[in-house]
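Notes follow the structure.
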């Protein structure tokens, strides 16, 4: 399913937006429209957001093809519907409560962990990564010059959210069923299962991030975004050889946070 919004009107003579339409398409106007829709659930397309979440696991290329469609119809790469962000927030809250239950935390400790995870791990780290990638991509990866070839900050944040969602589901939901009875048993199989889930989750993040930037036709050398795979594979092998259980360390970190 694709949005049916009509193409942004342009001048028939030179293809340039009229002053009125140009104002409507400024970053500030787009940001205001996005934030305004955040408080109007009836205006959000949750069905389409769920479709995107499914395809981020099975065929993430299809998700970015829709970003191309949005650029053609609405003259912007970034999402203008916060439904995906809202659903991601719900996933984050539910999975964090699940972590609190698995780690035998009190209500207050679980609530404190939820605040940390939402505002620091998701929002704070997301803003930092998006801003860093926005700066790097515009400064070093743009193949052409001009306003039409700028990487939108909102798009870099969307790419982060797209990549973060599979990581969240794998590490904050699927992993919950293995923590107490497999991963934290102290056996090698526990370390293997836990670290393999981390390998898959971070691998998804790297790959979906690469797809997001390679989808922009005016960027060059996007293949460098796949280079971390080599370090990831090396770290995975090293962690198994040395017995580093990343999930055990995450659980200790979460418990330390809520003290």
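Every residue gets a Cβ built from N, Cα and C, even glycine.
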Same membrane side for residue 107 and residue 244 per Swiss-Prot: yes
Matching range for Swiss-Prot feature annotation, transmembrane segment, among 138-158, 159-179: 159-179
With a Cβ cut-off under 8 Å, give me the same-chain residues at least six positions beyond the ends of the transmembrane segment (182-202) that come close to it. 166-167, 170-171, 174-175, 232-233, 236, 239-240, 243-248, 251
Long-range environment of the topological domain 'Lumenal' (104-109) - Cβ separation under 8 angstroms, sequence gap at least 6: 255, 258
